[in-house]
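Noted in TrEMBL for the protein shown:
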type	residues	note
BINDING	93, 133, 138-144, 174-177, 182, 205, 256-257	ATP binding site
DOMAIN	97-286	domain 'ATP-grasp'
Ligand code: AMP
């Protein structure tokens, strides 16, 4: 089968690698340039969305900030999974919050702001401290403000007002959640409504960007997360891999956000799970049976941010796998990731301590916890 991916970044690249053994051939559509490209080499192989769709059996996406006209063309083709509404939901925090309420899954109390009067109501209903997030276009902690005390209202409002000059934009005010940790659940749902989820992963962020992701073994929390995942996926009649990010507050889960696609916190599945998230996404959208999501060995994923070289000796470390994305170096950019696996948890900890010694502390600040 031929699968067209909207977006030509690392997620399309890893889908291509995962699809090859099943004879699933992936092409990527660069939404910004309108070019059809090879997802591994970035070679230009054609032009135009209609043309790209005509040559594909299935259309899917690797990101959610896609112009509506592009989504409409894909939707009309009848080949698009998880489909326009799911992508719009992931790309607009207003729609996302409405979905979470409809699915009756717990999420942070919120209020939508379009003007100063709304901001004042938000302060009353949500309370201070609060987190303010642009409804459109925000990711990796960008487009956010923290209102810590009443005295900061005017200065934050002047920045928000500038943002709201775009009439399509809105700001979602959220109560500040005093979480113990952040976890995410990545899973797949197929057209028959079958659901397979991976173990919950605990995520560490550095300056708003994911730096470490490690599957955890917590049966109770896993069950709660799975129920919430199933409620959200069923409410959307979702087909494909879906990621849900949660705040863990003393064992209670609140949904932070959803991503209607394969997700950075699921990259550990390439070495740590029976079937990786990229293969399972392709299986789901191509109407194939889902693969086992079982953890096969303790694994930790370390993001490579803003670096394009690593000490060669890493390749000698048993269970250490480097995945480069073939991108030009830029400060803070996701350039690749390292998956480290071991037979048992204590051995994984030992390997992570070794890696923390070898990796540059400034480039991998999150690794200091393993020293
Ligand atoms: P987001 O882009 O919504 O994932 O937010 C980026 C990061 O900001 C999250 O990973 C959290 O660490 C933090 N954050 C987001 N929303 C809240 C909230 N309501 N309360 C506390 N921290 C938050």
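Backbone N, Cα and C atoms are what each Cβ position is placed from, and that goes for glycine too.
With a CB cut-off of under 6 A applied against ligand 1, the binding-site residues 93, 142, 174, 177, 256 are reduced to 174, 177, 256. Within 10 Å of the C-beta atom of residue 177 (ATP binding site) sit 15 other C-beta atoms, taking all shown protein chains into account. The average pLDDT computed over the domain 'ATP-grasp' (97-286) stands at 96. All chains included, 23 other C-beta atoms sit within 10 angstroms of the C-beta of residue 93 (ATP binding site). Reduced to three states, the DSSP call for residue 142 (ATP binding site) is coil. Residues near residue 256 (ATP binding site) in space but far in sequence (CB under 8 A, at least 6 apart, same chain), listed by position: 107, 108, 177, 182, 245, 246, 247.
A 10 Å cutoff on Cβ-Cβ distances gives residue 142 (ATP binding site) a total of 11 other Cβ atoms nearby, all chains included. Around residue 174 (ATP binding site), a 10 Å sphere centred on its CB holds 22 further CB atoms from the protein chains shown.
When secondary structure is read from DSSP and collapsed to three states, residue 93 (ATP binding site) falls in the helix class. Mapped onto three states, the DSSP output places residue 177 (ATP binding site) in coil. Residue 256 (ATP binding site) carries a strand DSSP state (E or B).
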